[in-house]
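Shown next, in structure tokens, is the structure this report addresses.
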Amino acid sequence: MAKNTAIGIDLGTTYSCVGVFQHGKVEIIANDQGNRTTPSYVAFTDTERLIGDAAKNQVALNPQNTVFDAKRLIGRKFGDAVVQSDMKHWPFQVVNDGDKPKVQVNYKGESRSFFPEEISSMVLTKMKEIAEAYLGHPVTNAVITVPAYFNDSQRQATKDAGVIAGLNVLRIINEPTAAAIAYGLDRTGKGERNVLIFDLGGGTFDVSILTIDDGIFEVKATAGDTHLGGEDFDNRLVSHFVEEFKRKHKKDISQNKRAVRRLRTACERAKRTLSSSTQASLEIDSLFEGIDFYTSITRARFEELCSDLFRGTLEPVEKALRDAKMDKAQIHDLVLVGGSTRIPKVQKLLQDFFNGRDLNKSINPDEAVAYGAAVQAAILMGDKSENVQDLLLLDVAPLSLGLETAGGVMTALIKRNSTIPTKQTQTFTTYSDNQPGVLIQVYEGERAMTRDNNLLGRFELSGIPPAPRGVPQIEVTFDIDANGILNVTATDKSTGKANKITITNDKGRLSKEEIERMVQEAERYKAEDEVQRDRVAAKNALESYAFNMKSAVEDEGLKGKLSEADKKKVLDKCQEVISWLDSNTLADKEEFVHKREELERVCSPIISGLYQGAGAPGAGGFGAQAPKGASGSGPTIEEVD
């Protein structure tokens, strides 16, 4: 396989997944724990940084410094209502840095703060490493997916996270579109089909309607909620049980981060159980002040707790149908994507909405997005496999884009659901006589007045020659690239003077310098992680050597071949090292290596003398090279004859 392989990464709110297209098919790659999805968690401890399963597994012990949900922060402002409401549920601290949210944690004994892009970049680095371990060579090219309903700043911030992780982001593509590729790739030649992708994940919800016809995937409309998913169902369960605990035990656990985290983990498990059983039990020992919490919940009660959220998933479905100008009967396939679509009630609501139509569950809801991203990555790298070479993706802009005209009116140049890439030009003029310049303010959203929409950026076109109002002609061009990221240019026709802006949300966007700095920091963290790995390996090697020596001299088979004095010398030294290890677990690699050499100086002559004297190599399971047998990194095992 050529070294210029590109990977597809589904960077999820709660879990991420990576795939690669090679030899004509997609492989979803398992991580070092054998899991095909990896938690989007990053944990900081006194000694190290953990990413993925390792981070999620220790979350109850370290809730304040374990960061997740970075996708719910990325590209948003600190003052956003959703950020403020999420902060109530998060055990980690979110601080305000010039209206940008930053996550504050304790790492190696000092307080550190990170932008959401940095946290996401750590997860991306992990996914990149998972792919590299599988492929056996470095990987830099990647396609990363985002919810279709992500706005410009969220897309741009996700792209920045990729850059910080050392990736060359070939393209940002929409999750439902990627899932549609996974669905439609093997279904060519069936004529034109209208497909509705219903994608309900851990933190985001998208609905997209596509027409798939012989390798052409054309998105007709998209709708969704970038803040609805499995986490919100977990939150409802957590609140329910916090109240139940209050009723039963007259105690409020909501301020105890560790108790709430243990409860949340149990709720997540119960929620999954309720997709296949009608009842789930929670058993948490010593949840709070020594009180054991044993309780249960029925599926009906869970559905009742989340009923408004579940019903709310149908609004975007209706909106997408309206925008695509289709009615229910015109949809051929209803495809479920995202782990939360396993919830029976969600399936039933969708099925009833489409008058009892069967839902298509043929693709893996956890892996479909990464699968499609991997296919798109291969196409962008020029893969010539027959099943992808004719594939064409036509995606859309999720929100209308325009600028503010006199009186604060929103004038849209690009309507929502326009196929991208696209370019629209319109001519504007001045509002007052001899106006020397115009302020171009770019907004996204569907409301009539700009104050109700989202300001993406603003720039000035100055130096307009004096003229009566309405005479100067200013040509404004909106150009959206294939990533859904916008460039705006304004030109004064009389002077040819132009000014342009890549909408990079001056307020929300990281500057080039910041990104550079973060790239270097990411490298540094990676180096620190490696030092930590080497340190642990040296510690394990010392520990296993000490125990091996101890068991070697205690071996019954050596009675009479080893003087008591020598035996005592080895045992005392081993015991000394083992005690030293217990009280110096955080020593440097060099100290472990030094201790080991010290131990070898005592043991080697005795052990090798023993085997030469005994003339019986291999006695007690050690070859003549016994001391070196344990010198690999990490614990080693000896074979016993």
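A Cβ is built for glycine as well, from the same backbone N, Cα and C atoms used for every other residue.
For reference, Swiss-Prot has these:
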BINDING   12-15, Lys71, 202-204, 268-275, 339-342  ATP binding site
MOD_RES   Ala2  N-acetylalanine
MOD_RES   Lys77  N6-acetyllysine
MOD_RES   Lys108  N6-acetyllysine
MOD_RES   Lys246  N6-acetyllysine
MOD_RES   Lys348  N6-acetyllysine
MOD_RES   Arg469  omega-N-methylarginine
MOD_RES   Ser604  phosphoserine
MOD_RES   Ser631  phosphoserine
MOD_RES   Ser633  phosphoserine
MOD_RES   Thr636  phosphothreonine
REGION    2-386  region 'Nucleotide-binding domain (NBD)'
REGION    394-509  region 'Substrate-binding domain (SBD)'
REGION    618-641  region 'Disordered'
Provide the three-state DSSP residue tally for the region 'Substrate-binding domain (SBD)' (394-509): helix first, then strand, then coil.
3 helix, 61 strand, 52 coil
Spatially speaking, which of the binding-site residues Tyr15, Gly203, Arg269, Thr341 is closest to Ser604 (phosphoserine)? Use C-alpha to C-alpha, please.
Tyr15
Give me the long-range Cβ neighbours of Tyr15 (ATP binding site): same chain, 6+ apart, Cβ under 8 Å, in sequence order.
Thr37, Thr38, Pro39, Ser40, Gly202, Gly339, Asp366
If I take the alpha carbons of Arg269 (ATP binding site) and Lys77 (N6-acetyllysine), what is the distance between them in whole Å?
32
Of all the modified residues given, namely Lys77, Lys246, Lys348, Arg469, which is spatially nearest to Thr341 (ATP binding site) at the Cα level?
Lys348
If I take the Cα of Arg272 (ATP binding site) as reference, which of the modified residues Lys77, Lys108, Lys246 has the closest Cα?
Lys246
State the three-class DSSP label for Gly12 (ATP binding site), counting H, G and I as helix, E and B as strand, and everything else as coil.
coil
Enumerate same-chain residues with a sequence separation of six or more from Gly203 (ATP binding site) and a Cβ-Cβ distance below 8 A; give 'none' if the list is empty.
Gly12, Thr13, Thr14, Asp69, Lys71, Arg72, His227, Leu228, Gly229, Gly230, Glu231
Residues that sit under 8 angstroms from Lys246 (N6-acetyllysine) by C-beta distance, when 6+ apart in the chain:
Asp252
Lys77 (N6-acetyllysine): which of the recorded positions Lys108, Ser275, Lys348, Arg469 is the nearest Cα neighbour?
Lys108
